[in-house]
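J.: From Swiss-Prot, for reference:
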type: DOMAIN; residues: 54-242; note: domain 'BPL/LPL catalytic'
type: BINDING; residues: Arg93, Gly94, Gly95, Glu96, Phe97, Thr98, Tyr99, His100, Ala173, Ile174, Gly175, Gly186, Val187, Ser188; note: substrate binding site
type: SITE; residues: Lys170; note: site 'Lowers pKa of active site Cys'
type: ACT_SITE; residues: Cys204; note: active site, acyl-thioester intermediate
Amino acid sequence: MTFELKYTDRSYLPDQFKAISGNPPVEWKVTNNLVEYPEALRYMQERVENILAQNAHEQVWLLEHPSLYTAGTSAKKKDLLTPHLFPVYEAGRGGEFTYHGPGQRIAYIMLDLKRRRQDIRAFISALEEWIIQMLAKFNIKGERREDRVGVWVQRHSCQSTQNSLYSEDKIAAIGIRVRKWVSFHGVSINVDPNLAHYSGIVPCGITNHGVTSFLDLGLPTKMHDIDIALKQSFEQIFGPIIDIS
């Protein structure tokens, strides 16, 4: 099942999404080389089947992709503005078009929600809170919005010499799929990707907000430091991990 979440208040949902007592730690895997998208998709699908068969533990997989676009189940053809700029893949997750590429930290989340909470809305809220807490470690204020999924950064945007307005830009996208209550796909966080590569699509179908990154916000950050912060924040919300990298 894929899940579309729009116009829904998630602020009241609890942040904790820990597993039942006795659940093994979540495996934490980091791949440093670029991973082709079809390879990652095959891996996730196989892992989900093994989790369902109780032959594998839950896992978070951190990686980067080469430049590409993915289309979610709600993607509209008109939102692919430059079809031949990068490879385009059908993702099977919820959401619309998004960009993946070097400088973007991908976290694929393969969790058994039956061991946690069978509530996809609460799961998405917990993923957002995970990213918000990670960003706070770098003094970035990430925010969620009722009418759109993901994590957003608000900042001043001078549109003219007379007016100073706020702009809202997305720093992290979320797109998941759930099969028999086991999740896959996950989140993408813009660390220092080439933001011009988003020009080939309408990201997530949203035209009136932009995208940003750590570098764009004036905070050049090493991917290793992002990973440490992600790990610390994950344990606060989802529980213990074991590093298998």
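Numbers run from 1 along the shown chain.
Glycine residues also receive a Cβ, built from the backbone N, Cα and C atoms like all the rest.
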J.: Taking only the Cα atoms, work out how far Lys170 (site 'Lowers pKa of active site Cys') lies from Gly95 (substrate binding site), in Å, as a whole number.
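T.: On Cα coordinates alone, these residues lie 14 Å apart.
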J.: Give me the non-local Cβ neighbours of Gly175 (substrate binding site): same chain, 6+ apart in sequence, Cβ-Cβ under 8 Å, ordered along the sequence.
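T.: Long-range Cβ contacts: Thr70, Gly72, Ala91, Arg93, Gly94, Gly95, Thr98, His185, Gly186.
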J.: How many other Cβ atoms are found within 10 Å of the Cβ atom of Lys170 (site 'Lowers pKa of active site Cys'), counting all protein chains shown?
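T.: Summing over all protein chains shown, Lys170 (site 'Lowers pKa of active site Cys') has 26 other Cβ atoms within 10 Å.
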J.: Under DSSP, is Arg93 (substrate binding site) helix, strand or coil?
T.: coil
J.: Report the same-chain neighbours of Tyr99 (substrate binding site): residues 6+ apart in sequence with Cβ closer than 8 Å to its Cβ, ordered by sequence.
T.: Ser67, Leu68, Tyr69, Phe86, Pro193, His197, Tyr198, Gly200, Ile201, Pro203
J.: What three-state secondary structure does DSSP assign to Val187 (substrate binding site)?
T.: strand
J.: According to DSSP, does Tyr99 (substrate binding site) fall in a helix, a strand, or coil?
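T.: In three-state terms, Tyr99 (substrate binding site) counts as strand.
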